[in-house]
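Undergrad: Quick paste of what TrEMBL says about this protein:
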DOMAIN    A:10-525  domain 'Cytochrome oxidase subunit I profile'
DOMAIN    A:545-791  domain 'Heme-copper oxidase subunit III family profile'
TRANSMEM  A:28-49  transmembrane segment
TRANSMEM  A:111-133  transmembrane segment
TRANSMEM  A:153-181  transmembrane segment
TRANSMEM  A:253-271  transmembrane segment
TRANSMEM  A:283-302  transmembrane segment
TRANSMEM  A:308-327  transmembrane segment
TRANSMEM  A:379-403  transmembrane segment
TRANSMEM  A:423-444  transmembrane segment
TRANSMEM  A:464-485  transmembrane segment
TRANSMEM  A:580-598  transmembrane segment
TRANSMEM  A:656-677  transmembrane segment
TRANSMEM  A:773-790  transmembrane segment
């Protein structure tokens, strides 16, 4: 860059900084900006929908095009806005600050997660520009409609899979951060409620995403190579798709709620000038929601003809989940009660949330009452219910967070009058749109209807009113955008702590410096309100010694890896499978991972002390593995269902047991060799370590070669289009093979690091993570041998 | 805007004359009365809870606002264990009551009714087929049922998942390919009931409606008698010719299940109150418009258009089709729900 008289950052320099940043604050800002942009885009889609439905038999947006808009409205709001803003948006910016840390546990993985997220949005939206258009199957893409529908579905499936990588890595990163990087003296029970909520949401997502991954993968496989689990013509079960899909897609609404409950708790405490009411009960209630949230999914399936006892069980757990949710709500009210309420914009969103979520929760209980659900299911009552909780609930929470942390993130104050106007327009607009929709549900109007007849009493009037409300919301949206623009352009400079907040992020500058904290944090945390407690005790904050501050280096490779993976998914979605571009992009992706692995994370080697004693890589991988276990578990559960019900029977010619046993020998031995290699490393015996690692890789390669041979043989002597068992075999054993390749590649990365001298006694590089993953791969194999070769 | 006002004034008119009053709360079957009972219970509890919590919220917003110049901090209360127990146990109690009522109602609703008349309902993109196996006839898009007789619908699909929903009579069940779901109810009130597909199934998901025509038992018996021994009347010879040349490949007029189903049964088309799967009123004009260009009314329909038919042939065809009916039955007089 040339030296100019007036130092000015070029656009290219800004872009390069963003592309290579590993700073959690910048990543958090990018996530937040992207997520709220997605909200605005999906909001425009909703205006189109409501405009079409304003009058009967309208012709603005009909048939397939209407279905495309409603699909993208749902998918964009759910996957790209609401699940991101509260979790990866604010979470990335705020959680390390709240914990007194300088960044998350795995900063480069964090950057990768963001770019993969952006890639997923691009994948979903680019479908518009291909001949098949955007997906038109609803965000729920039920089978068999989704395998018969146009090519937009391919892009949607690819987007979900790419987003899955992004979010699981993000979840694991948050948990590792929360376990390992808390300030000394801050026990888990002294963490801010928002951090607890990010923790709970991350655990829930890791555990349950497998359902969506399974459903998505199987639809994509069916579309691309005719491999099906659901086709009734060969004994498959369309309802199995729904079991997989909802196993995730119900818990995800709690992933879409919990972070916002956390935000609301913070805002309530700060603006009422009181501690949280019932902190411990809030934590337990949240965990109760996590557990119960995984046990209610089939309330989305009350009308598919499952047995009465099945329906009763799910009705029971669904109704029960109102209890911990109520506890959260009541404790929020308790936090406000008796306070000195500062009626600023963030608090207004909290009050609006409480009012709206009350109604949304009540209508949820109504939907749990199965015979009532037989009427309400797939009607506008459900549409009103989920917008009630997701928009006027979580969505209001997102805006509470935005206005609350806006000064911290941007360094500017916003105009209070505009903020309040935005709130009121959204509250009134929301009520005008959705209260009529509850009525429409009672009047029998189904959802996902592009039009309706004029001869049904009440429908035209209620729809018209609802549309008016949508335009009130649209107006509110414009006020919001103006408020942000005005603040960024000319808002007054924000002090460190404009609200008198009690948690550690308010100790930093607005916006924080790159290294976050300039002071050495005290080691006593009497409660979750450190700033309050320290002020009360008159604790003096000493400046930090600058030589103690170590920040990770920027890196191009996370972006590069995400971009090549994105390109891979484009080639899978847009072209017949397999195709040459898939391999090209995978190779480019692998190259990026090698460069990433060989790059130094820190300029000077730093001893990392983690609170748990386990390295960040270990902690991150351990939690990531939860999702892998979940994926195999759910697919195996589906396989067991198909096998035990007699739908899937092995064909006459099937892979031989002896070859599987030979492969078992390779894989099990390789677990031992990597274990002993790791042992050698810890004893400083570098040559045996490297050799052991190499042997492990060789054993893995042998496994892979024999497996490839077996697959080739079986593929040419079977047909997954005609035999369900064959499809299940290739899916699960094939998925395992993919994991062998990934795990083996991880070990190769460690080996390359070892060759370059980057693995030392104190820095184990990728080895810990790779060997843990490898053990998982081996353990899963043992199940597979029994389920597919012995049985 | 102009269109909106036109529509608004139009349905003022429509409301006065022809509107269907669709509602899930119509007590026209024991099942619906069962769900109304559940609704009353949950609404009573809801009003209670809403009143208490919203009341607390209103009180907070009024009483605890910070005043300008207010000094000091409010009482720094961390919680109240007794309150926690109360506001956990009371919701648990309410939930258990509601759940108990739910379980009882669910068992009741899903109970097979001995001696129920069976109808096989099949969803297609984008129409409905009704086969009466015990009575030996088939109709499409309008399900004719007798008052006071228990009915068991066996619902399935031959392509994607649909859902069969007639709100004024009973809750819905999904129509799933390769599987059968069952809807059991007794219709106690004569009427022309709107029915809807309730699972997104393609471009014309919103145009896959139907009617349930509930008639007094003696009218139903007359219809069945006529249907069993039905020979399609020939109201127009040229029309029949046109039909055989253009329509017979997909449509039957015998009122019986064909060996392979392609399109809807037209045997009793003349009796229909609606056309094209419940989406427009049954008039000769609408019928003509439909035949000329089905895709205009129903995007993605599998029925091709027949723009090549001359006006005379089209009129003859319509006369023929209007003549396909059972005499002495007027479904249009039924009250509209």
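Cβ atoms are placed via backbone N, Cα and C, with glycine included.
Those TrEMBL annotations? Automatic predictions, nothing curated.
Each of the listed features needs to be described in terms of its position in the shown structure.
TA: Listed by sequence, the residues of this chain that lie at least six past the ends of the transmembrane segment (A:28-49) yet keep a Cβ under 8 A from its Cβ atoms are 18, 60-61, 66, 69-70, 72-73, 76-77, 80-82, 84-85, 88-94, 114, 117-118, 121, 395, 398, 402, 409, 470-471, 473-474, 477, 481.
Under 8 Å from some Cβ of the transmembrane segment (A:111-133) lie the Cβ atoms of residues 20-22, 27, 30-31, 34, 38, 64-65, 68, 72, 75-76, 79-80, 84, 88, 150-152, 154-156, 158-160, 162-163, 165-167, 169-170, 173, 555, 558-559, 561-563, 565-566, 569-570, 573-574, all in the same chain and six or more residues away from its ends.
Same-chain residues lying 6 or more positions outside the transmembrane segment (A:423-444) and placing a CB less than 8 Å from one of its CB atoms are 50, 345, 348-349, 352, 356, 363, 376, 379-385, 387-388, 391-392, 396, 399, 456-459, 462-463, 465-476, 479.
Within the chain carrying the transmembrane segment (A:464-485), a Cβ under 8 angstroms from the stretch's Cβ atoms is held by residues 40, 43, 46-47, 50-51, 53-55, 399, 414-415, 418-419, 421-422, 425-426, 428-434, 436-437, 440, all 6 or more beyond its ends.
Listed as Cβ neighbours of the transmembrane segment (A:580-598) (distance under 8 Å, sequence separation of 6 or more from its ends, same chain) are residues 108, 555, 557-558, 560-561, 564-565, 567-568, 571-572, 745, 749-750, 752-753, 756, 758, 765-766.
Residues 688-693, 695-696, 699-700, 702-703, 706-707, 710, 740, 747, 771, 774-775, 777-778, 781-782, 785, 788-790 of the same chain sit 6 or more residues outside the transmembrane segment (A:656-677) yet have a Cβ under 8 Å from a Cβ within it.
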Undergrad: Taking only the residues in the domain 'Cytochrome oxidase subunit I profile' (A:10-525), give me the average pLDDT of this model.
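TA: The average pLDDT of the model in the domain 'Cytochrome oxidase subunit I profile' (A:10-525) works out to 97.
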